[in-house]
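Listed features, source TrEMBL:
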{"type": "DNA_BIND", "residues": "85-128", "note": "DNA-binding region"}
{"type": "COMPBIAS", "residues": "362-376", "note": "compositional bias 'Low complexity'"}
{"type": "DOMAIN", "residues": "83-127", "note": "domain 'Homeobox'"}
{"type": "DOMAIN", "residues": "130-331", "note": "domain 'TLC'"}
{"type": "REGION", "residues": "339-387", "note": "region 'Disordered'"}
{"type": "TRANSMEM", "residues": "38-55", "note": "transmembrane segment"}
{"type": "TRANSMEM", "residues": "135-153", "note": "transmembrane segment"}
{"type": "TRANSMEM", "residues": "205-224", "note": "transmembrane segment"}
{"type": "TRANSMEM", "residues": "262-282", "note": "transmembrane segment"}
{"type": "TRANSMEM", "residues": "302-323", "note": "transmembrane segment"}
Amino acid sequence: MAGILAWFWNERFWLPHNVTWADLQSTEEAAFPQAEDLYLAFPLAFCIFMIRLLFERFIAKPCALGLKVQANGPQKAQPNAILEKVFTAITKHPDEKRLEGLSKQLDWDVRSIQRWFRQRRNQEKPSTLRKFCESMWRFTFYLYIFTYGVRFLKKTPWLWNTRQCWSGYPYQPLIPDLHYYYIVELSFYWSLMFSQFIDVKRKDFGIMFTHHIVTVTLITFSYVTNLTRVGTLILCLHDAADIVLEAAKMANYCKCQKLSDLLFLIFAVVFIVSRLGIYPLWILNTTLFELYEALGNFPALWVFNVLLMVLQILHCFWSYLIIKAAYKAISKGKVAKDARSDVESSSDEEETVPRSKAPHSTVATNGTSGANGTNGYLTGATSSEEH
């Protein structure tokens, strides 16, 4: 194991020329980031997750109920052993041929069977109350950490001049505020890495999973190699849009359509300006060009830049979905349930009715006519990346 670690953390790969790990050992005169510091993220991630559970139960839930957020889940389908077996073992979306067979077997009409399958699918959807609590937790955390990041960064020289990110590198002492900022952000993303499997599932689950892996990898490697100055800029920039997104979701769950629309459009502007404007012109410019000018070429430089470019690709994908949703909101005033944005939560499912059997009918899902019939595009817009 020691040999593998020594090979992986090869100084010639991770550090500029003529710099060794021994040079970055903390002394009485100056502290530098140490790999061992990252172990703090795991117990802290667990604590953050426990704080989240308490927050959602004792703060978010009472707030949601006070705002009249719907607490009941979808209507349950009546028990039926035959249909349940088909649903669990064969398909959740039976085709026309299977519907006709089940109709003859049960002596039910096709439309009743369609309704049963729709209600059965809806049983597995999270309630609006649960989604509100999740969004309120993320809104609270992002607001706190973004505020902390801004208060910290406005006192630093590298916020105003990105070339300061590389001044004196790698011999840049670790500031306590920077250490706290990094470890808390890393702990939060570790908590998301595990909680995303029990959180409300979004259509972009795979992309968000990739995003979390890239983010955790970037935070970890940048800390160990003391590339923390530019790291703080990236973290703060990415948190800005997430605050507005979660606020827009909460407004949607409270059925405040106008406020929700306004917040979503503000989010779209902030996201696109920060991710497609400031990020490439400010962050990628300094990591691709200013870093090379200051330190020369070394292999880890390209590892970081490839990961940062992966983030930019994700930004472009999410921006496309956001622009698509914003266009629908502006052009139609609201998003019809048969023309929702791709960024919508997978929990807000549309019913598909075979036209040959019900050419003029579309039954509203769970009686809500598609995410309250207003802002379906909000319920999954970029999840909290969202980074």
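From the backbone N, Cα and C atoms, a Cβ is placed for every residue, glycine too.
With a cut-off of 8 Å between Cβ atoms, the residues of this chain six or more beyond the transmembrane segment (205-224) that come close are 9, 14, 33, 35, 37-38, 182, 185-186, 189-190, 192-193, 196, 230-231, 234-235, 300, 303-304, 307-308, 310-311, 314, 317, 346, 383, 385-387. Panel annotation: around the transmembrane segment (38-55), residues 136-137, 140-141, 183-184, 186-188, 190-191, 194-195, 220, 223-224 of the same chain, lying at least six beyond its termini, place a Cβ under 8 Å from a Cβ of the stretch. Mean pLDDT for the domain 'Homeobox' (83-127) in the predicted structure: 89.
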